[in-house]
Ligand SMILES: NC(=O)C1=CN([C@@H]2O[C@H](COP(=O)(O)OP(=O)(O)OC[C@H]3O[C@@H](n4cnc5c(N)ncnc54)[C@H](OP(=O)(O)O)[C@@H]3O)[C@@H](O)[C@H]2O)C=CC1
Ligand SMILES: CC(=O)C(=O)O
Ligand SMILES: [Mg+2]
């Protein structure tokens, strides 16, 4: 396990210059002619072209490869409502991952408001700059309304990463854990601990993919019909019978923690069925640490959201590649078909032979099994498999604005890029 100290983390962020991102130019500005083209008078030509045909913005500006990572800092990792400014290191971090893993340029934008109206009006006002909007770390239930409004209003893909990125990756991991434990998704008893942004969307995707028995817990216990304090999103998963916290775990096959440290315990996981699938996904501190889970339940398949344990179920495996595919086919929305395609592509990739550079990087032999149910973020094949699956689903489901997109040529181009 890789250990880092607080001092190392601060030093990484401070030196050699503060922060993790910068802006670079893509055209030469070395001569008087360059200057005349980049700025006035040359720049007026693309301006007028775009005024005439707005789609030309994709030809003459950085829009087609530019995503905004936008947060109001209300649910930053599992740190809670720490505010817009304090969320900036995470948002810069998402920008780094976009660039590193899928070549997408990114501006992080921290919006200091908790008002849904104000947040939406800021985002929709700046949307023309971008090819896509990645919403991040906005708490529930506001995040659902924010995403709904922006998706409806804008003609570029908008995705709340904590909702859908997490749903896609955890669904892929559950599919593979099922295969390893010879269980079927539709027969699973799934306990989702948390009823916020990530939890609600994960549960929706599992249900869409065939899960039938989902029990949800929030900070007040099991979400059930007898409660009068449920919002409309929690009500979608309210169980018809009253259950105690402990009863929820009785013979459960899967627990997905999307809450905070300590929200379920060793006693809870001891009640689960054989070969339990236990995902403790709160960041940075999981609900229970893997070593404690493994000690109590050696038969468990365990995942966390962190890079320093086996089976990292984290949306880093999703947003870079989902947006890559969506941007490249100019998808108007990131729809359910694209999310399911991403989940299936991820699950499938974990079953392929792992390239040597990953064995070296992770200093361990990686082979599909209990300690490797989901690909690693540094797997270069992710962009080929996930982005092309997303692009194909966008085309087939009618979300793409491109006519005659050659998906095979696109896959080849992505393969070429990773071999450069
Ligand atoms: N691994 C990954 O890829 C990801 C992990 N996460 C992690 O998931 C967690 C939640 O994030 P997010 O959904 O964005 O945040 P939200 O603020 O939207 O949701 C937090 C949820 O946790 C619930 N909760 C708090 N305490 C308990 C408890 N003791 N028992 C049960 N539920 C509890 C809250 O309940 P109530 O509704 O009653 O307030 C709320 O529903 C964070 O730790 C985050 O880091 C999130 C996204 C991706
Ligand atoms: C991983 C992530 O996005 C989170 O924990 O919020
Ligand atoms: Mg997040």
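Any Cβ shown, glycine's included, is placed from N, Cα and C.
Nobody curates TrEMBL annotations by hand; they come from automatic prediction.
What TrEMBL annotates here:
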- 18-151: domain 'Malic enzyme N-terminal' (DOMAIN)
- 39: active site, proton donor (ACT_SITE)
- 94: active site, proton acceptor (ACT_SITE)
- 136, 137, 162: divalent metal cation binding site (BINDING)
- 163-395: domain 'Malic enzyme NAD-binding' (DOMAIN)
- 283, 314: (S)-malate binding site (BINDING)
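Location within the structure of each feature annotated in TrEMBL.
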residue : record                             : Cβ contacts under 8 Å, 6 or more apart
39      : active site, proton donor          : none
94      : active site, proton acceptor       : 69, 106, 108, 134, 136, 161, 319
137     : divalent metal cation binding site : 71, 73, 74, 75, 76, 77, 87, 90, 91, 162
283     : (S)-malate binding site            : 77, 78, 305, 306, 314
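Ligand 3 lies under 6 Å from the Cβ of 136, out of the recorded positions 39, 136, 314. Secondary structure counts, DSSP: the domain 'Malic enzyme N-terminal' (18-151) has 69 helix, 18 strand, 47 coil. Each of the binding-site residues 136, 162 was assessed for Cβ neighbours inside 10 Å, and the highest tally belongs to 136. Less than 6 Å separates the Cβ from ligand 1 in the case of none of the recorded positions 39, 94, 136.
Neighbours of residue 314 ((S)-malate binding site), defined as other CB atoms within 10 A of its CB across all chains, total 21. In the three-state DSSP scheme, residue 283 ((S)-malate binding site) falls into the coil class. On the 0 to 100 pLDDT scale, the model's mean across the domain 'Malic enzyme N-terminal' (18-151) is 97.
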